[in-house]
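These come from TrEMBL:
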{"type": "DOMAIN", "residues": "A:8-516", "note": "domain 'Cytochrome oxidase subunit I profile'"}
{"type": "TRANSMEM", "residues": "A:24-45", "note": "transmembrane segment"}
{"type": "TRANSMEM", "residues": "A:65-95", "note": "transmembrane segment"}
{"type": "TRANSMEM", "residues": "A:107-125", "note": "transmembrane segment"}
{"type": "TRANSMEM", "residues": "A:145-167", "note": "transmembrane segment"}
{"type": "TRANSMEM", "residues": "A:188-215", "note": "transmembrane segment"}
{"type": "TRANSMEM", "residues": "A:235-259", "note": "transmembrane segment"}
{"type": "TRANSMEM", "residues": "A:271-292", "note": "transmembrane segment"}
{"type": "TRANSMEM", "residues": "A:304-322", "note": "transmembrane segment"}
{"type": "TRANSMEM", "residues": "A:343-367", "note": "transmembrane segment"}
{"type": "TRANSMEM", "residues": "A:379-401", "note": "transmembrane segment"}
{"type": "TRANSMEM", "residues": "A:413-440", "note": "transmembrane segment"}
{"type": "TRANSMEM", "residues": "A:460-481", "note": "transmembrane segment"}
Amino acid sequence: MKNYFDSPRGVLSWLITTDHKKIAWLYLVSITFFFIIGAFAALLMRIELFTAHGNIVSPDVYNRLFSIHGIVMIFFFLVPSIPSVLGNFLLPLMIGAKDLVYPRLNLMSWYVFMIGGLFTLWATIDGGVDTGWTFYTPYSTMFSNSHVVLAALGVFVTGFSSIMTGVNFIATIHQLRHKDMNWFKMPLFVWAMYATSIIMVLATPVLATAVLLIGLERIFGLGIFDPALGGDPLLFQHIFWFYSHPAVYIMILPAMGVVSEVLSCFSRRRVFGYKFIAYSSLAIALFGFLVWGHHMFVSGQSTFANTVFSFLSFLVAVPSAVKVFSWTATLYRAKIYLRTPMIYILGFISLFLVGGLTGLFLASLAIDLHVHDTYFVVAHFHYIMVGGAVMGFLGGIHFWWPKISGKTYNEKWGRFSAVIIILGFNLTFFPQFILGYLGMPRRYHSYPEVYEYLNQVSTVGLFLLGIGYFFPIVYLTMSLFDKKTVGANYWNAAGLEWLTESPPPHENFHELPATVPDVYDYERLPDLGGVS
Amino acid sequence: MKNHMGMWIFLASEMMIFGVLIFLYQVAMNQNLNEFRMASHDLHFIHGTVNTVILLTSSYFVALSDVKKNRLFLILAMILGVVFISIKGFEYYDLTQEGKFPLNFKDLSSAETLFFTYYGFLTFLHLLHVSVGILLLGAAWFLYYNPKEKNLPHNAGLYWHFVDLVWVFIYPLFYLIGRNYGK
Ligand code: HEM
Ligand SMILES: [Cu+2]
């Protein structure tokens, strides 16, 4: 039987494919590439921060490094990671469709993504930008003499790829579900994709407008943000965070979707509180739009606004907490299989907990005034974004790898690198909470000597983390050349996607089952398969 | 209904673009209320009003073509779209001559600059949408009898109504705000 790799074959078949499974691969390869670029920038930064006196790179180069690190990691790695790779591959399989509703739009979104990426790469190679990934005005519009326009253009263009993906996913979920699949039979991963897509469609245009205005203001001297021409620089922060806070959920919600699937499979339990988890995704998507002001507590907005935003930020924590409670309840007294995907997912839950709780610290006005723009913030968002979203992504890739590739990886290497990543991660970022609390500001390339020890711990941690990331890239790639293939349902899992062969045929299913299985019916399934 | 959903979602996304710009403009207007009202007098009230009528009429034609199943109405709508663009062109030209169009500002106060910046940016973005709309209507006209293309005419229509709707916001916010505040 032919699988999607073979029908049709050849390089061209990849570049003009409209098969969602191949497009997922295009994204996987591209975001891995971008991740490596972002990681190199991080490496240089941490090497620079190894000693208190900046002496490897100049302050200016350091600024360019953290800007490109932030821009690439957010817009070119994390935002597209789970939706465009796992979402693209799995969404149609999970709902029993042949493809997305708009297959050509899907391919186009990858090209648009790559064009945006090329602009950003160009900007990087040609000297970089020094505004930070936030492009704050008036610095970005009037003072910076780096490639603001090119980088902004890159972000602007990529935004459209995100919007296209969102449009495609929402319409697909509405229109191509298996006849027997009503909303409450959908896997929670699909719910998560749905909520994420809503954010992509509604928030991304706002970001696109913001960076477009930056570009125009810089080139043509328009005065929307420039006080000298009557404009207001704070407005930029408002519209920027109106996107960028919800964008945090673009990064974390999909990972939460992965968690529910993996957790249920590796504890052989029905996820507890299915409807709560489903609704909480939507709640997060909607509340996420109301809290942007917590990034602006010290920007000079009114005390009243600060108080409201602080309060709302506590509210948006509620649906996240609901999810964590449901997962904990699922695990309670379950028989847990500590396979690679599960280790990542347990890592997700604990790191997300730390990140989330410290987020509440930051949402409290009084504490934020103390730790604002210190390493405390850096640690917080890395716990959420790297500890949360990247762990979710890796967990998902490992879980569905047998389905995607028809091959399996070496479980020992898998577990080993998952553990290294979790250790390395904590070693890198935990010291940064302390550093921040002690008062070390972010975005500086040198610092007082008292902070040196903790910074060195952090840098050592990064090397460990780097090694941890390196392994999966190697053993997953190698597994592709294995002769041995796996059966349809490697983990004896319950979702619809496991009913077709691995890797699936071009049209996903040779024959659709008349009714869809109950996605979390693990009590009645045979035990976990795979290697032990 | 099948394939109109994508268009609706896309339009929601478009709405956020214009929404945020109109929001920014309103904030700026609040901070410079009197100056903006005064500056509003410098726009061509007649041009704006005629354009509003034109766009509304064209939207009506698009709807008619859907109801009466007649593609000739699409042509009428497209012609009106072109007229809209031409009138805007005259308006831009005049404003440029007066030094009131972005990239060519001459001795304006900062509030006036801001007003005309927003005017230039928002109307230009809208104009781009009008042009895309005309192309879509053209494609719809072309493929009208193609049985495989059931969706395009309707989607082009939706898009055109959206472009019209946006103008209905732009018109009062720029052309009318100064009406009752004499110059
Ligand atoms: C892999 C290990 C990583 C390390 C060691 C690392 C390290 C750093 C460092 C040293 C900074 C500069 C902090 C400052 O001075 O403000 C930074 C900033 C940042 N990082 Fe990472 N990072 C890593 C991964 C990631 C990932 C995966 C993401 C997102 C997906 C990310 C997103 C960001 C962002 C958004 C900033 C803020 C940039 C800015 O200040 O403009 N990082 N990171
Ligand atoms: Cu936020």
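Note that Cβ sites are derived from N, Cα and C of the backbone, with glycine treated the same way.
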Chain residues outside the transmembrane segment (A:107-125) and at least six past its termini with a C-beta under 8 angstroms from it: 16-18, 23, 26-27, 30, 34, 37, 68, 71-72, 75-76, 80, 84, 147, 150-151, 153-162, 164-165, 168
Non-local residues, at least 6 beyond the ends, that sit with Cβ under 8 Å of the transmembrane segment (A:24-45): 14, 17, 56-57, 62, 65-66, 68-69, 72-73, 76-77, 80-81, 84-86, 88-89, 110, 113-114, 117, 121, 124, 404, 462, 466, 469, 473
Spatial neighbours of the transmembrane segment (A:379-401) far in sequence, C-beta under 8 Å, 6+ residues away: 73-74, 78, 81-82, 85-86, 89-90, 248, 251-252, 254-256, 258-259, 261-262, 265, 340-345, 347-348, 351-352, 354-356, 358-359, 361-362, 407-409, 414, 418, 421-422, 425, 428-430, 432-433, 435-436, 472, 476, 479, 491, 497
Averaged pLDDT, computed only over the residues in the domain 'Cytochrome oxidase subunit I profile' (A:8-516): 94
